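K.L.:
Annotations for this protein, taken from TrEMBL, read as follows:
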type	residues	note
ACT_SITE	His34	active site, proton donor
BINDING	27-34, 152-155, 189-192	ATP binding site
BINDING	Gln62	beta-alanine binding site
BINDING	Gln62, Gln158	(R)-pantoate binding site
Amino acid sequence: MKLIKTTAELIDALVAVRGTIALVPTMGALHDGHLSLISAAHADSDSDNDVVIASIFVNPLQFAQLGNCDDYRNYPRDVDADAQLLESAGVDFVFAPEVAEMYPLRTPEVWVSTGEMGSQLEGASRPGHFDGVATVVTKLFNLIRPHRAYFGQKDAQQLAIIRRMVHDLNLRVDIRAVPISRGADGLAESSRNQHLSASDRRKALALPTTLTALRDRRIDLDQARDQLRNCPGVDMDYLEVVSPDTLQPITWPPTAPALALGAITVGGTRLIDNMDI
Ligand code: PAF
């Protein structure tokens, strides 16, 4: 595996690459969820990827407009440990640039705007977040020119926006969604889980438990919201049922494929999860 830090090195390395390139974009702090993206890139059943590239870049643009620089500063970073993990997972190249390498002129003037899709749900409490995500993902696509890119279903809003961006901007990359990876207790894997105490983790299970009850139609959407709101130690941000493609709200009960998504805060840690309904 080769660890690449600069765009010049990246371009040199890619000149020699023949065949199909798969990209797994990450912000590091890798967990089993990321490794499942790498496995999917290696074991894609309907296509062979010749080269798997992972990127590690904590993108300031997706934090900067939050008025919460602490979240950016405190984001866990350990590129060497992540690179070792990616090497064992059989990744060919890791692209791990510094901020100045990605944004040499500092904050860009030109961004990708994600409109209404990016301003609701997660975007309502994180204004500008998805514009930052879409901008850096476009840059990564332009630099690496992957044939396929792998994203986790866990960030369902991000996935829907990236799919829409690829469509709206005619980007020539095939977006593959990888199912949510869950711990044995059912909690969706997230870099933020490391901030949870054992007791917070138990409380956080209210989110997958409620989503499961909703999916199985044991409760309706109002009951699901009440259930989550009434969980001690859990602060519900939202619980919505939306169209998986447009993210437009769907009235309960859904008559077409729908996605239930929720966000909660437990012990100061914000967690998201979703399930197909
Ligand atoms: O999902 C993430 O880790 C990030 O949003 C991404 C896609 C790597 C862009 O910075």
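Yeah, the Cβs are placed from backbone N, Cα and C, and that goes for glycine too.
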K.L.:
Looking at Cβ-Cβ distances, which residues of the chain lie under 8 angstroms from Ala29 (ATP binding site) while being 6 or more apart from it?
P.N.:
Tyr75, Pro76, Arg77, Asp78, Asp82, Ser191, Gln194
K.L.:
Rounded to the nearest angstrom, how far is the Cα of Gln158 ((R)-pantoate binding site) from the Cα of Gly33 (ATP binding site)?
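P.N.:
Approximately 15 Å lies between the Cα of Gly33 (ATP binding site) and that of Gln158 ((R)-pantoate binding site).
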K.L.:
Cβ distance under 8 Å to Gln158 ((R)-pantoate binding site), same chain, sequence separation 6 or more: which residues?
P.N.:
Phe130, Val133, Phe151
K.L.:
Among His31, His34, Lys154, Ser191, the recorded positions in the record, which have a C-beta under 6 A from ligand 1?
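P.N.:
Result: none.
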K.L.:
Take the C-alpha atoms of Lys154 (ATP binding site) and His34 (active site, proton donor) and report the distance between them in angstrom, rounded.
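P.N.:
Taking the Cα atoms only, Lys154 (ATP binding site) lies 11 Å from His34 (active site, proton donor).
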K.L.:
For the binding-site residues listed here, Gln62, Ser191, which shows the highest count of neighbouring CB atoms within 10 A?
P.N.:
Gln62
K.L.:
Do me a favour and check the Cα-Cα span between Met27 (ATP binding site) and His34 (active site, proton donor); whole Å is fine.
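P.N.:
Cα of Met27 (ATP binding site) to Cα of His34 (active site, proton donor) measures 10 Å after rounding.
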K.L.:
Kindly assign His34 (active site, proton donor) to one of the three DSSP-derived states: helix, strand or coil.
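P.N.:
In the DSSP reduction, His34 (active site, proton donor) maps to helix.
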K.L.:
Other than its own, how many Cβ atoms are within 10 Å of the Cβ belonging to Gly152 (ATP binding site)?
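P.N.:
Cβ-Cβ neighbours of Gly152 (ATP binding site) within 10 Å number 23.
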K.L.:
Counting all other Cβ atoms within 10 Å across every protein chain shown, which of the recorded positions His31, His34, Lys154 scores highest?
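P.N.:
Top count of Cβ atoms within 10 Å goes to His34.
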K.L.:
Measuring Cα to Cα, how many angstrom lie between His34 (active site, proton donor) and Gly152 (ATP binding site)?
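P.N.:
Approximately 8 Å lies between the Cα of His34 (active site, proton donor) and that of Gly152 (ATP binding site).
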K.L.:
Roughly how many angstrom lie between the C-alpha atoms of Glu189 (ATP binding site) and Gln62 (beta-alanine binding site)?
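P.N.:
Computed Cα spacing between Glu189 (ATP binding site) and Gln62 (beta-alanine binding site) is 20 Å.
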K.L.:
Among all chains shown, work out which of the binding-site residues Met27, Gly33, Glu189 has the most CB atoms within 10 A of its CB.
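P.N.:
Answer by Cβ density within 10 Å: Gly33.
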K.L.:
Please report the distance from the Cα of the residue listed as 'beta-alanine binding site' to the Cα of His31 (ATP binding site), rounded to the nearest angstrom.
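P.N.:
A Cα-Cα distance of 20 Å.
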